[in-house]
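Database features (TrEMBL):
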type	residues	note
ACT_SITE	B:Lys223	active site, proton donor
BINDING	B:Lys124	NADPH binding site
BINDING	B:Glu208	L-homoserine binding site
DOMAIN	B:156-327	domain 'Homoserine dehydrogenase catalytic'
Number of protein chains: 2
Amino acid sequence: MRIILCGFGTVAQSLAKLLVSRSDDLYAKYGIMPRIVGAFDTHGGAVEQSGLDLNRLVEIKKKFGSIKHYDKSKKKWSGLEIIKNVDADVLIETTASNYHDAEPGMSHIITAMKRGMHVISVNKGPLAIAFPSLMELATYNQVQFRFSGTVGGGTPILDYAKNSLQGEQIVSFAGILNGTTNYILTNMSHGMSFAQALKDAKSRGYVEADESLDLDGFDAAAKLVILANWIMGMKVTMPDINRTGIRKVTSEDVKKAAKKKMAIKLIASCDKELVVAPKEIPIDDPLCVNGTLNAISFTSEHSGTQTIIGKGAGGTETASAILRDLLDIRKEILRD
Amino acid sequence: MRIILCGFGTVAQSLAKLLVSRSDDLYAKYGIMPRIVGAFDTHGGAVEQSGLDLNRLVEIKKKFGSIKHYDKSKKKWSGLEIIKNVDADVLIETTASNYHDAEPGMSHIITAMKRGMHVISVNKGPLAIAFPSLMELATYNQVQFRFSGTVGGGTPILDYAKNSLQGEQIVSFAGILNGTTNYILTNMSHGMSFAQALKDAKSRGYVEADESLDLDGFDAAAKLVILANWIMGMKVTMPDINRTGIRKVTSEDVKKAAKKKMAIKLIASCDKELVVAPKEIPIDDPLCVNGTLNAISFTSEHSGTQTIIGKGAGGTETASAILRDLLDIRKEILRD
């Protein structure tokens with residue numbers, strides 16, 4: 001399987017390491033030999049039809065800050081040039097999410113699909129802004145489109161709802177889908193002020209460069225868009241989400257809730273309406289997880305309410321979600 | 001799809017109702033029209049190649065205590081006679097679990113597989129006693145064998161671990177797999193004695209006719225056998241489980257644990273050894289659920305620890321698991 005890798009940050013580097021460490025196992029168990037034939041970051045990229053040396057790629061990135069230095073003798077490639085000119089089976093999109101125009105991820109995905117490549121995205125931006133039309137584009141071009149890593153990191157929330165609950169009608173769901181705000185709210189319940197808790201979260205590297213993405217609920221809303229489309233069959237995008245962040249939650253609110261054995265959490269819910277907002281939930285509800293954990297409760301017609309809890313982020317975890325998507329695409333191709 | 005239904009207790013009756021209420025939907029969405037061509041309980045059964053009237057079957061059971069009265073004019077069938085003589089595609093085994101010889105379920109399953117029927121079992125007995133050989137028999141006879149409802153009731157724990165985590169290596173797991181003992185231990189943590197809590201659980205119909213199955217950990221151990229075989233690829237049966245029940249847990253133990261912010265739970269775990277025993281776990285661990293809830297935490301190599309929580313029993317819930325198995329078998333048949 002020939003792969004083009006867009007972006008070379010934490011997740012992509014974890015993926016490169018995972019592919020190296022598991023190459024024997026992947027071939028033996030699943031019969032796949034993934035080859036990264038092109039990869040790029042903001043500054044430029046590298047191409048090698050027989051497969052880039054992944055250890056070297058990680059080293060170069062560490063040493064020079066960009067993988068464009070991978071092979072000095074060769075042509076300098078930009079990201080879109082690679083996607084337009086290099087033949088590959090799968091594009092893996094890992095550049096940063098933004099919710100204005102979702103670029104450059106949006107162009108990467110659209111260009112790849114039009115060229116007949118299957119796409120795996122862990123970038124939420126394009127999905128949040130244009131889920132319904134991207135699915136249409138994938139169907140039209142007869143390619144697979146997968147995005148397990150966008151919700152729950154390594155916790156297979158999307159797959160659980162779609163496949164493990166096959167034949168069931170999910171009637172509603174509610175989740176804690178942003179680890180950063182959950183960490184802040186948990187610390188506030190331990191006595192910190194909002195400002196202190198935010199500072200602590202920043203010092204641990206939990207907060208996005210643009211803190212608004214976490215604090216104002218954009219990240220949770222993007223995940224809600226993805227869940228609503230993929231699981232509930234709704235055709236919605238970001239503007240359809242009624243979104244409130246956690247900036248106005250005070251220590252006073254948190255204390256008041258605690259007295260009632262409740263906790264304030266940023267809840268993304270789908271039940272008639274699509275809402276992201278701070279809400280009080282009982283502390284003994286399975287959904288009420290602490291720290292950076294994510295959790296989601298699905299209520300279905302016949303199987304009651306089921307909750308899945310796991311780490312919602314992390315390089316290796318998200319890379320393992322990409323690997324699952326890759327195996328899934330492989331399975332779908334063989335089935336055709 | 002022609003189905004033979006073994007046993008007509010709570011789960012089977014819920015399944016009958018579910019098949020009636022969802023028949024249009026099942027045909028429209030999945031193209032299947034399940035027909036129960038034979039069904040029986042302890043006293044005898046009924047056969048109708050064009051499909052038994054499911055509403056009538058439920059009515060007869062309610063009125064006369066056995067479905068053998070379904071059609072007085074016809075031959076009287078015993079269970080094994082039906083399996084041996086009636087042609088069907090799938091056998092659904094719902095008779096009561098026992099861990100001595102697993103009969104009559106064991107004979108039902110073996111006879112059906114030898115006749116080339118796919119088998120769905122929610123009866124844990126045969127699996128607990130003979131999982132490895134039943135899987136071999138299924139493979140040899142080229143039939144599908146499914147048992148989603150045996151672990152977690154309507155919560156798709158087996159499917160999650162096997163499919164949603166595909167490509168992952170699960171290294172260990174630990175779960176609360178018996179709702180009855182969890183209900184008793186929860187009530188003990190609220191101040192009841194073991195005897196009081198047991199009495200309360202009995203009055204709510206939560207305890208098996210043979211209370212030892214719950215209290216001495218047989219039920220949890222049977223589920224552990226199934227998980228160990230299906231998910232970890234181990235070839236084990238009941239005698240391989242190191243099993244301790246909850247009879248010796250005292251109010252004193254529960255109080256002591258609570259002081260350390262811990263709770264005593266009956267934990268079934270797979271980590272080097274296969275053990276069912278009461279253990280202290282932190283009350284803020286996602287695994288620490290209360291009441292009759294079940295929970296299981298899987299730790300995998302790259303995606304960290306993930307917990308699934310849901311109701312572990314219930315007629316409709318377990319019937320919905322059978323329905324998922326039916327759809328799964330249908331999918332596998334089409335793939336061949």
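Each Cβ is built from the backbone N, Cα and C atoms, and glycine gets one as well.
TrEMBL does not curate its annotations; it predicts them automatically.
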Distance [Cα-Cα, Å, rounded] between the residue listed as 'active site, proton donor' and the residue listed as 'L-homoserine binding site': 15
Between B:Lys124 (NADPH binding site) and the residue listed as 'L-homoserine binding site': CA-CA distance (Å): 14
CB within-chain contacts under 8 A for B:Lys124 (NADPH binding site), separation at least 6: B:Ser97, B:Thr150, B:Asp219, B:Ala222, B:Lys223, B:Ile226
Local confidence of the domain 'Homoserine dehydrogenase catalytic' (B:156-327) - pLDDT mean: 95
Cβ-Cβ neighbours of B:Glu208 (L-homoserine binding site) (radius 10 Å): 15
Cβ neighbour count (within 10 Å, all chains shown) around B:Lys223 (active site, proton donor): 26
